[in-house]
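K.L.:
Residues or ranges marked as DNA-binding region in Swiss-Prot: 37-61, 89-112. Annotation comment: Swiss-Prot describes 9-61 as domain 'HTH myb-type 1', evidence class sequence analysis. What Swiss-Prot records for 62-116 is domain 'HTH myb-type 2', and it gives sequence analysis as the kind of evidence. The region 'Disordered' annotation in Swiss-Prot covers 211-234.
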Amino acid sequence: MGRAPCCEKMGLKRGPWTAEEDRILVAHIERHGHSNWRALPRQAGLLRCGKSCRLRWINYLRPDIKRGNFTREEEDAIIHLHDLLGNRWSAIAARLPGRTDNEIKNVWHTHLKKRLEPKPSSGREAAAPKRKATKKAAAVAVAIDVPTTVPVSPEQSLSTTTTSAATTEEYSYSMASSADHNTTDSFTSEEEFQIDDSFWSETLAMTVDSTDSGMEMSGGDPLGAGGASPSSSNDDDMDDFWLKLFIQAGGMQNLPQI
């Protein structure tokens, strides 16, 4: 939707109004009213647009327009209405008889708005505690995020690594020495208490020799010197021999390990 052509394109006048134009506009509005601002310039015979005629009438040519400065009551009313209506200047002007929306807007931006704004000093004082609180919160956050580990210098790290390596090497050497000692002891015990076949062969040979010598000493007498049976004496000797042998073998096994 295109914008409607304005004053210069339609051959209408722009700029300040003359006294003759003001008189024609006032006479037409007093006679016919201003129900249609778009058709009013053509009906009144003015080379102006409808918007220019409306603003000239409302802001300058109305009979009830107040001239001069705003009173204290009017300023308070503008502040209150601005809180309720915002920047709706026409609605505010409708509740202030004799004042135009253009005048109200100008006095608001020139005087009233600056009066309501806080002073720079108070603003800085209010912002200072907020900045302090923000700094404290940032400090607490940094303290929480900092890791508890303490940084170690390269020299300390190298010494720690060397010490741990030496400790590990000593422990490995002690374990190996203990294992070798246990193995040597077990081998020594087995070698000391191992009874091979040669031991029993020598023992049996000694038994046979002692038996033969006993029989020779008896002189072939079946009953011996005391009238006892040779077989019974030999049996007793054999029993005593085997008993001593087993006792000696048991004692050797009960010897403490070196």
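Keep in mind that glycine also has a Cβ here, set from the backbone N, Cα and C atoms.
On a predicted model such as this, the values are computed, not experimentally measured, just so you know.
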K.L.:
Can you work out which residues elsewhere in the same chain, 6+ from the ends of the DNA-binding region (37-61), have a Cβ less than 8 Å from its Cβ atoms?
P.N.:
6-7, 10-14, 17, 21-22, 24-26, 28-29, 100-103
K.L.:
What else in the chain is close to the DNA-binding region (89-112), if you only count residues 6 or more beyond its ends and a Cβ gap under 8 Å?
P.N.:
55, 58-59, 64-66, 70, 74-75, 77-79, 81-82
K.L.:
Treating G and I as helix alongside H, and B as strand alongside E, what does DSSP give for the domain 'HTH myb-type 2' (62-116) in helix, strand and coil?
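P.N.:
Helix, strand and coil residues of the domain 'HTH myb-type 2' (62-116) number 36 helix, 0 strand, 19 coil.
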K.L.:
Which numbers of helix, strand and coil residues does DSSP report for the DNA-binding region (37-61)?
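P.N.:
Looking at the DNA-binding region (37-61) with DSSP, the answer is 17 helix, 0 strand, 8 coil.
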K.L.:
Over the domain 'HTH myb-type 2' (62-116), what is the model's average pLDDT?
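P.N.:
Average per-residue pLDDT within the domain 'HTH myb-type 2' (62-116): 89.
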